[in-house]
Amino acid sequence: MASVRDPSADLRRRLRDARRGVSVGERLAAADAVARGLLALSFAPTRGYVAGYWAVDGEVPLHAWQLRLPKDCVYCLPVLDESDNSLCFAPFCAGDATRPNRFGIPEPVLEASSLLSVTEMALIVLPLTGFDASGHRLGMGGGWYDRTLRDHRGAPPHLVGIGFDCQRVDAIQPREWDVPCDAIVTESTTYLREST
């Protein structure tokens with residue numbers, strides 16, 4: 001495992017390459033294992049809005065979790081808020097209309113008045129490029145989730161990072177703006193932050 005003091009573009013590239021190297025069969029098995037891990041969390045909501053993500057670039061897909069959510073949970077996807085470079089959230093069901101955002105990631109097509117804020121979420125599941133066992137997450141480097149969660153002071157929402165075992169590093173030195181996850185779930189392990 002690598003140690004991370006200054007998350008460089010090179011480290012992100014290596015971790016993304018490792019993530020992309022996961023076979024389709026392993027990826028589907030991981031999706032099932034991650035769904036079980038998410039539903040087993042002591043703080044897994046039984047109702048309310050829960051945010052996932054549209055898996056791209058080899059990320060762990062969340063379809064298995066979405067299909068197993070309790071009936072009173074509403075699955076949402078992030079939507080870019082270009083006005084302040086943060087995220088808001090939109091309810092989403094398979095088959096709903098989407099359009100690609102500026103990064104090419106599909107987003108639900110909804111009126112701005114129908115979008116939800118971070119404070120309305122019970123749980124936010126975040127993709128990651130790398131992570132450590134203490135709940136620190138290395139994202140893609142754009143800071144979208146960190147800006148969105150900058151005022152986050154404990155649950156709700158609970159924050160859970162999702163990745164493959166191959167994305168774990170020994171330690172990530174968090175920066176002042178980094179928001180730690182309450183848990184990280186992989187295909188084999190759930191890492192809980194001690195304060196969770």
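The backbone N, Cα and C atoms fix where each Cβ goes, glycine too.
Non-local neighbourhood of Glu59 (substrate binding site): Arg19, Tyr53, Pro127, Ile162, each in the same chain, at least six residues away, with C-beta under 8 Å from its C-beta. Taken from TrEMBL, the feature substrate binding site covers Glu59.
Cβ neighbour count for Gly139 (ATP binding site) (all protein chains, 10 Å cutoff from its Cβ): 19. Feature annotation from TrEMBL assigns ATP binding site to Arg137, Leu138, Gly139, Met140, Gly141, Gly142, Gly143, Trp144, Tyr145.
Under the DSSP three-state reduction, Tyr145 (ATP binding site) is assigned to helix. Counting every protein chain shown, 15 other Cβ atoms lie within 10 Å of the Cβ of Gly143 (ATP binding site).
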